[in-house]
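Trainee: What follows is a single structure, and I will ask about it in a moment.
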Amino acid sequence: MFGTATRESATRVLLLGSGELGKEVAIECQRLGLEVIACDRYPDAPAMQVAHRSYVFDMLDASELEKVIAAEQPAFVVPEIEAIATDKLVELEEQGLNVVPSAKATKLTMNREGIRRLAAEELGLTTSPYRFADNYQQFVEAVEAVSIPCVVKPVMSSSGKGQSVIKSPADIEKAWQYAQEGGRTGAGRVIVEGFIDFDYEITLLTVRAVDGVHFCAPIGHRQEDGDYRESWQPQQMSENAIKAAEYTAEQVVNALGGYGIFGVELFVKGDKVIFNEVSPRPHDTGLVTLISQEMSEFALHVRAFTGMPVNKIVQYGPSASAVILGNGQSENLRFDGMSDALEQPQTQLRLFGKPDINGRRRLGVVLTRRSSTEKAVDAAIESAKKIKIIY
């Protein structure tokens, strides 16, 4: 049963994180008449612009987080980012708070160590070889154990921050320093991963709902500097690889529990899949589903966590997304060239409404549907180039 937003009966959804993914979740909640409260560490974040009200605070501050939850009494708490006081969510969940998909999932996936140990050590899934390190000496030993080339990541970071590849011994000290600067909570523990020889990587959006586990068509993507630049759906895979991917994803989401969508990241080599990471929420590469599916990843997330059946996920055909990336400084961003960017049919545009920029920032995305994924990607890239950012 849902109440009516802004009334005593309101069913409240508290978003922890208010970026572009949270904005789309907020819009889907609004479609169902849910009351949306958006939180983030900075004002005028994208989801705040489509919410009923908002709070600005550091969500790693457990006491502030508890105050907001106590004030709002939400039916659902929906994390959109990792940098949250997850121990407090676990504590409040034990007292009856509904955390999406679960406080356990939010806590485990907040850092790479929890989810890697779950996948490799508890579930026995194939992953890259790995070691953890707390200091430089341990780090040097970890690199030696895993062997060069290897990938270094802070255990707590997102969007590629602090990640680098060690290609020779000369890179070791530089990689350590870069990882220490890139962690979400400052300097700290890192993971050293063996370099994987793979054909491609995918995001398998996996929905855990009241009527079972459902899979979206696999999403391929291209990364640059740790961030996705284009994504496409479906990624062509062998039947055996799809079965292996779905098996791996189902094992992971069932271990994490709760209802919602999970972005399961996998490397694929031939018919084999290697588990990489999982996000217990919509995934940035899944923005393509805004044009590729009857229900986007955001609609699926809301449908699942509110306890409604998913039934069937309908895919519309080869589709792509291309990021509109800003690089500059401004507190008054403007955009031009939209008419040129949208001159072709089956082309859509989303501008995220981010209030400012200081350096590099994802500001929007172009979405396309074509007769093949290759054509869709090319068209999305060309359209994205036509958007002019005025700083």
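Placed from the backbone N, Cα and C atoms, the Cβ positions cover glycine too.
Below are the features listed in Swiss-Prot for this protein:
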type	residues	note
BINDING	GLU20, LEU21, GLU80, ASP284, LYS354, ARG361, ARG362	N(1)-(5-phospho-beta-D-ribosyl)glycinamide binding site
BINDING	ARG112, LYS153, SER158, SER159, GLY160, LYS161, GLY162, GLN163, GLU193, GLY194, PHE195, ILE196, GLU201	ATP binding site
DOMAIN	117-306	domain 'ATP-grasp'
BINDING	GLU265, GLU277	Mg(2+) binding site
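A description of the local structural setting of each listed feature is requested, covering burial, neighbours and distances.
Mentor: Note on ASP284 (N(1)-(5-phospho-beta-D-ribosyl)glycinamide binding site): other Cβ atoms within 10 Å of its Cβ, all shown chains, come to 22. DSSP classifies ASP284 (N(1)-(5-phospho-beta-D-ribosyl)glycinamide binding site) as helix under the three-state reduction.
The secondary structure of GLU201 (ATP binding site), as reduced to three states from DSSP, is extended strand. The Cβ neighbour count for GLU201 (ATP binding site), using a 10 Å radius over every protein chain in view, is 20.
Sequence-distant contacts of GLU277 (Mg(2+) binding site), defined by Cβ-Cβ distance under 8 angstroms and a gap of at least six in the same chain, are THR109, ARG112, ILE115, GLU265.
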Trainee: By the count of other Cβ atoms within 10 Å, pick out the sparsest of the binding-site residues GLU20, GLU80, GLU193, GLU265.
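Mentor: Ranked by other Cβ atoms within 10 Å, the binding-site residues GLU20, GLU80, GLU193, GLU265 bottom out at GLU265.
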Trainee: Near ARG362 (N(1)-(5-phospho-beta-D-ribosyl)glycinamide binding site), which residues of its chain come within a Cβ-Cβ distance under 8 Å, counting only those 6 or more away in sequence?
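Mentor: Result: GLU20, ASP227, ASP284, VAL323, ILE324, LEU325, GLY326, PHE352.
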Trainee: Per residue, counting other C-beta atoms within 10 angstroms of the C-beta, which of the binding-site residues ARG112, ARG361 reaches the highest number?
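Mentor: Max Cβ neighbours within 10 Å, all protein chains included: ARG112.
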Trainee: According to DSSP, does GLU193 (ATP binding site) sit in a helix, a strand, or coil?
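Mentor: SS state of GLU193 (ATP binding site) = strand.
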Trainee: Give me the count of other Cβ atoms within 10 A of the Cβ belonging to GLY162 (ATP binding site).
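Mentor: That number is 24.
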Trainee: Spatially speaking, which of the binding-site residues GLY162, GLU193, PHE195, GLU201 is closest to GLU80 (N(1)-(5-phospho-beta-D-ribosyl)glycinamide binding site)? Use C-alpha to C-alpha, please.
Mentor: GLY162
Trainee: What whole-number Å value do you get for the CA-CA distance of GLY162 (ATP binding site) and LYS354 (N(1)-(5-phospho-beta-D-ribosyl)glycinamide binding site)?
Mentor: 23
